[in-house]
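What follows is a short report on a single structure.
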Amino acid sequence: LLQIQFKILRGHSDTVSSCHFCFEDTKILSCSYDRTVKLWDVEKGFPIQVFEEEHTAPISECNLTPDDRRVVTSSYDHTVKAWDMETGKILWTVEHEGIVTSCNVSRDGRYVVSGSDEENAIYVSDAISATVVAHIQGHHRSTITRCCFDPDYQRVASVSFDKTIKLWDMITQCTSVTINEGHSNAISDCCFTSDGHYLCTASWDKSLKIWDIKAGEFRCHEPVSLNQGHEGSVSSCHFSQDASLVVSGGYDKTIAVWDRDAGYKKLSLKGHWDWVTDVAISQNKKWILSASKDSTLRLWNIERIDHIPSVIDTRKERGSKIAQCEECEKPFLCLQPSDSEMVSKCVFCRLSSSG
């Protein structure tokens, strides 16, 4: 029987809060409530560098600058810090009023956005000089769980316990989009496709939603809803580089792998002993990375995912056949052969052409 091969990465002594692939999928960056950041070698499976003794409380998130030369971290100690990747030294520290729940670096490496628990505020800082260029107080009505730049770095997306999704515009310096009705419970995470066209949100209402942000289709059309992937709250979400897959982690200790076009769960990855806190997918789509409250990271090899019997069975069960979308020319699963429009276009081309 074909099984998913996996590696367990041990080295943190507390909840691993955030994880990423970097250096062209050869390394992994992780941070933890143990107040350390670790850089791991994927091949060897152990840390080759540790950044420590600077944060005095749990680290909530870590991010790499696009050139892989600096690491940015946010912490419950009320600070955001930038570290030099080579020396491990602190380059700058920005103090916030409250605990910092999230941080993200813009794709051009110029800005850092962070979300603070005090006044549910968002800060945008210059990544080099560490000066705060924008401070949006009362941006949400409750704790901001995640904030990130869209790939064009014109907007900052944020989600919150208040169940809303907001897009804040860097140029006009105001909120351009507010989605109030998206989820029925706290929203835990959000992520963009690499082209910035779609935004995925993960929620404690057990669902994920995919929003057509670029075309503004979300205003008149329902988002694509990914349901029945987790038994409890969804904690994290991540798109593959080509946006064909969505990976999500949950408080049910599992990772779900979704076919984005057909909107169904292909596979569940089980093995963590506690909540899955973050997920990532390698650029070559061979590996899924998960971080957990059980203090470990896991690397899952999904190269042969489409050859796994349960995945084949699920596809058959859905009565689907592979067709080629007449618009984007990508293969997609068409699930209702009777519906002629369904057969000719994939769900995302249908989303953007309707309206």
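Think of each number as a place in line: the chain as shown, counted from 1.
Cβ from N, Cα, C; glycine included.
In TrEMBL this protein carries:
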- 9-50: repeat 'WD' (REPEAT)
- 52-93: repeat 'WD' (REPEAT)
- 137-170: repeat 'WD' (REPEAT)
- 180-217: repeat 'WD' (REPEAT)
- 227-259: repeat 'WD' (REPEAT)
- 269-310: repeat 'WD' (REPEAT)
Selection from 137-170, 180-217, 227-259, 269-310, the stretch that has most Cβ pairs under 8 A to the repeat 'WD' (9-50): 269-310
Its residues classified by DSSP, the repeat 'WD' (9-50) shows 0 helix, 25 strand, 17 coil
Please list the DSSP helix, strand and coil residue counts for the repeat 'WD' (52-93). 0 helix, 22 strand, 20 coil
Within the repeat 'WD' (269-310), residues counted as helix, strand or coil by DSSP: 5 helix, 20 strand, 17 coil
Quick one: DSSP breakdown of the repeat 'WD' (180-217) into helix, strand and coil? 1 helix, 17 strand, 20 coil
